[in-house]
Amino acid sequence: MTISPPEREEKKARVIVDKDPVPTSFEKWAQPGHFDRTLARGPKTTTWIWNLHALAHDFDTHTSDLEDISRKIFAAHFGHLAVVTIWLSGMIFHGAKFSNYEAWLSDPLNVRPSAQVVWPIVGQDILNGDVGGGFHGIQITSGLFQVWRGWGITNSFQLYCTAIGGLVLAGLFLFAGWFHYHKRAPKLEWFQNVESMLNHHLQVLLGCGSLGWAGHLIHVSAPINKLLDAGVAVKDIPLPHEFILNKSVLIDLFPGFAAGLTPFFTLNWGQYADFLTFKGGLNPVTGGLWLTDISHHHLAIAVLFIIAGHQYRTNWGIGHSIKEILENHKGPFTGEGHKGLYENLTTSWHAQLATNLAFLGSLTIIIAHHMYAMPPYPYLATDYATQLCIFTHHIWIGGFLIVGGAAHAAIFMVRDYDPVVNQNNVLDRVIRHRDAIISHLNWVCIFLGFHSFGLYIHNDTMRALGRPQDMFSDTAIQLQPVFAQWVQNLHTLAPGGTAPNALEPVSYAFGGGVLAVGGKVAMMPIALGTADFLIHHIHAFTIHVTVLILLKGVLFARSSRLIPDKANLGFRFPCDGPGRGGTCQVSGWDHVFLGLFWMYNSLSIVIFHFSWKMQSDVWGTVDAAGNVSHITGGNFAQSAITINGWLRDFLWAQASQVINSYGSALSAYGLMFLGAHFVWAFSLMFLFSGRGYWQELIESIVWAHNKLKVAPAIQPRALSITQGRAVGVAHYLLGGIATTWAFFHAHILSVG
């Protein structure tokens, strides 16, 4: 940390705005394509509508003024937040008006969540299944009921209030977006003032946000949940504001409140140990993390972030300067080190977005794993359908975010990279030895692919020939995941040394006992064996191939031996011009396109592994004697070691519910299963067909229209190569994801 004279840093944190920079014009916005001179002239061919969609949010093409681009992004963020709050408000409104939330709250073990009732127009009210408690509707698996229970919501009136609050918030966000673009727009130096931004985000948004949430958990959620856990009827529980206004209600539940704030200021924090706990494990009544543990966590996080938000130098010559930190960061083998990265990240929002998407995507996948290993909400752990769905959801969202990170990194390389700024720094050095990186990564992919797949081929062959003793399995030639087992063991034992007062381990997934809630397994140790070792190496293979494609796209986005002037061709182009064969599918965009298929491939195997493993080895019922009966009876260890086993005992066996769903409340999933297969197959028409074929067909159809004197004013054009691929990959992913959605739902709602 350095202290600098104040005069040098004086300008740093002064907020500077332009007044009324852009007029508010509904006439202009009403004109399609107003942001682009060519598009604004209107459509001549059908390509116009595609370009309109491609460029509407590509602010780089609207203007080259970085300040205006920054303002547009800033305003768009407020618009995005408004859309999110409207969407949340709609979900909460459904919970208030159409759901069985109050019935579920009174008996969460026997009533299943539903927030949608289908109207009987053409007999489709068959979809309203009996979810218990006399309610008929579509079962939902978004986990919202569990979240609301955790918040401390006890009736639909509170949900109505929250839904209205969401709309009010959306209105504020929309106003803020308009105000900060049209009335008081920040100057470029405000957007580039990273120290103030870090202080604000860390301290105000994360720090005070966590502190406020800890306050809600301590004063509202924990007491209400404690009463609910004790079996107090919902109508007898005080309303949220009563806990805050009437201290005696809180003191009855948590005596630590009687001491007031004195222990806080005298550092005698042990007085608060009844509502800021460190129990570990899960609440045996609900199967969720202890809310008092979560309160403690959020309070600690708030303290850390508020301290972190004081670290960076603004107008008081004290604290860190990001530019100085980066420029001093040099190792013995990294040349100029991080010099130039500050300029990259403050002048290229694509570079900034790329790193943020990669981090956020990775974090989302980590969250997917925490949701089952340490279920944060009450009664989430025993709602198997919801567990499966939120795992799948977070895995896929994480995958899309990571691919998006690679996409924007490639756009940065093409549009924003400045070779003068990046001379012999880490980025320049990585680009200069990209051949070594990519060829080694390629070798790793080949090695992993042949060896991991080879183990399965061996097992299928041995099983086909009736030689089980020669297979890789827990009962023949063992390939135990010894490192993973060591890590599990370490995590089970470690809290004994690091947190001696904790009552239970961090997660039962690593070790400990079986936690049953209402006769169902909430969590238990997940034993790993040969089957997990095999599928883990398939995960390693598919993830490395995805990384190979995406990283190659970024490192070769500007140039390659094949096309040295690639940067001049832009981020997306079909081929290097006519007359140069073998140069198609080399643009940055094409690498993202290919990367999406491998991301989907990769993550499908992840969710299949999770779904089968949990049904086989974790989820199930527990009898009075403590014996566990798993949903698929522990068949993972012996069936998942052959490809035939995956096809027969997972895909085929578990598809029976969706295939046989007609005539039942699950029949919509049967229709969806077929429809999504159709959407997937439809994508192949775009992916396996050339542009010329369609252009010829279109011209013959246009001839027929001319003959009938119904010629279109806008000339029809075949999709460009890139547009065709975009439509293809979109339908491929949509079809694949919706097929999986129907397959998972129909099965787990039946058996879970």
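The backbone N, Cα and C atoms fix where each Cβ goes, glycine too.
Listed in Swiss-Prot for this protein:
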type	residues	note
TRANSMEM	73-96	transmembrane segment
TRANSMEM	159-182	transmembrane segment
TRANSMEM	198-222	transmembrane segment
TRANSMEM	294-312	transmembrane segment
TRANSMEM	349-372	transmembrane segment
TRANSMEM	388-414	transmembrane segment
TRANSMEM	436-458	transmembrane segment
TRANSMEM	533-551	transmembrane segment
BINDING	C575, C584	[4Fe-4S] cluster binding site
TRANSMEM	591-612	transmembrane segment
TRANSMEM	666-688	transmembrane segment
BINDING	M685, Y693	chlorophyll a binding site
BINDING	W694	phylloquinone binding site
TRANSMEM	726-746	transmembrane segment
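The transmembrane segment (294-312) and the transmembrane segment (198-222) are in contact, since at least 3 Cβ pairs between them lie under 8 Å (pairs 6 or more apart in sequence). Between the transmembrane segment (726-746) and the transmembrane segment (198-222), the number of CB pairs under 8 angstroms, six or more residues apart, is fewer than three, so the stretches are not in contact. Beyond the transmembrane segment (198-222), the same-chain residues lying 6 or more positions past its ends with a Cβ under 8 Å from any Cβ of the stretch are 150-152, 240, 243-244, 250, 253-254, 275-276, 291-292, 294-295, 298-299, 301-302, 304-306, 308-312, 314, 322. The candidate set comprises the binding-site residues Y693, W694. Of these, W694 has the most other Cβ atoms within 10 Å.
Between the transmembrane segment (388-414) and the transmembrane segment (349-372), the number of CB pairs under 8 angstroms, six or more residues apart, is three or more, so the stretches are in contact. For M685 (chlorophyll a binding site), other Cβ atoms within 10 Å of its Cβ number 13.
The C-beta environment of C575 ([4Fe-4S] cluster binding site), restricted to residues of the same chain at least 6 apart in sequence and closer than 8 Å, consists of T583, C584, V586, I721.
Of the ranges 159-182, 349-372, 436-458, 666-688, the one with the most Cβ pairs under 8 Å to the transmembrane segment (533-551) is 436-458. Cα-Cα distance from the residue listed as 'phylloquinone binding site' to M685 (chlorophyll a binding site): 11 Å (rounded to the nearest whole number).
Outside the transmembrane segment (349-372), and at least 6 residues removed from its termini, the chain residues within Cβ reach (under 8 Å) are 69-70, 73, 380-381, 387, 390-391, 393-395, 397-409, 411-412, 415-416, 509, 523, 610, 614. Of all the Cβ atoms in the protein chains shown, 13 others lie within 10 Å of the Cβ of C584 ([4Fe-4S] cluster binding site).
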